[in-house]
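As given in Swiss-Prot:
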DISULFID  Cys21-Cys69  disulfide bond
DISULFID  Cys35-Cys84  disulfide bond
DISULFID  Cys38-Cys122  disulfide bond
DISULFID  Cys46-Cys100  disulfide bond
DISULFID  Cys50-Cys102  disulfide bond
DISULFID  Cys105-Cys112  disulfide bond
CARBOHYD  Asn25  N-linked glycosylation site
CARBOHYD  Asn42  N-linked glycosylation site
SIGNAL    1-20  signal peptide
Amino acid sequence: MKTLQFFFLFCCWKAICCNSCELTNITIAIEKEECRFCISINTTWCAGYCYTRDLVYKDPARPNIQKTCTFKELVYETVRVPGCAHHADSLYTYPVATQCHCGKCDSDSTDCTVRGLGPSYCSFGEMKE
C-alpha cells in the first residue's frame with residue numbers, strides 16, 4: 001500500500017513541479033498573400049506552465065507581472081512556398097525557438113492576448129500539403 005501511495009504522490013509532484021516551460025514541436029500554417037494559399041510546416045516553440053499568481057489586493061505601486069512560457073532565444077529559418085506565381089516572392093521566414101523560460105510576455109514580438117488566432121489559422125481557407 002505504501003508503494004501505491006508513494007507512486008501517487010510522485011505522479012502529483014511530477015504533474016505540478018515538472019511541467020515547466022520547455023521546447024515542443026508544433027505545426028504552423030504559413031501563408032504568402034501573393035500565393036493565395038497556406039502550407040503547413042513543423043517548427044519548435046515554447047509550451048508549458050509557469051508559476052504565477054493573481055493577487056486579491058492590487059497594489060498600484062507594485063505592478064503585477066504575470067509570467068508566461070516564452071522564448072529566451074530564437075533563430076529564423078526560411079522556406080520556399082511551392083506553387084507561387086513566378087513573379088511572386090515565394091520565400092517565407094519564420095521563428096524557431098531554441099531556448100525557453102518563464103518571463104514577461106513581450107508584446108513587440110509575441111501575441112500576448114488570451115485568445116490568438118492559433119498556429120493553424122489560414123486566412124485563405126485553402127491548405128496545400
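Here the Cβ of each residue, glycine as well, is placed from N, Cα and C on the backbone.
Fair warning: this is a prediction, and the values are worked out from it, not measured in the lab.
Projection of Swiss-Prot feature records onto the structure.
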residue : record                      : CB count, 10 Å
Asn25   : N-linked glycosylation site : 9
Cys38   : disulfide bond              : 21
Asn42   : N-linked glycosylation site : 9
Cys46   : disulfide bond              : 22
Cys50   : disulfide bond              : 16
Cys69   : disulfide bond              : 20
Cys100  : disulfide bond              : 23
Cys102  : disulfide bond              : 17
Cys112  : disulfide bond              : 14
Cys122  : disulfide bond              : 16
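Cys35 (disulfide bond) and Cys122 (disulfide bond) are 12 Å apart (CA-CA, integer value). Comparing Cα positions, Cys38 (disulfide bond) lies closest to Cys84 out of the disulfide-bonded residues Cys46, Cys84, Cys112.
When the Cα of Asn25 (N-linked glycosylation site) is compared against those of the disulfide-bonded residues Cys35, Cys46, Cys50, Cys105, the shortest separation belongs to Cys46.
Counted over every protein chain shown, other Cβ atoms within 10 Å are most numerous around Cys21 among the disulfide-bonded residues Cys21, Cys84, Cys105. For Cys35 (disulfide bond), the count of additional Cβ atoms within 10 Å of its Cβ stands at 20 [all protein chains shown]. Considering only the disulfide-bonded residues Cys46, Cys69, Cys100, no residue lies within 10 A of Cys112 (disulfide bond) on a C-alpha to C-alpha basis. Of all the recorded positions in the list Asn42, Cys46, Cys84, the shortest Cα-Cα distance to Cys102 (disulfide bond) is found for Cys46. For the recorded positions Cys21, Cys35, Asn42, Cys50, Cys69, a Cα to Cα distance of within 10 angstroms from Cys105 (disulfide bond) holds for Cys69.
For the pair Cys100 (disulfide bond) and Cys69 (disulfide bond), the Cα-Cα distance reads 7 Å.
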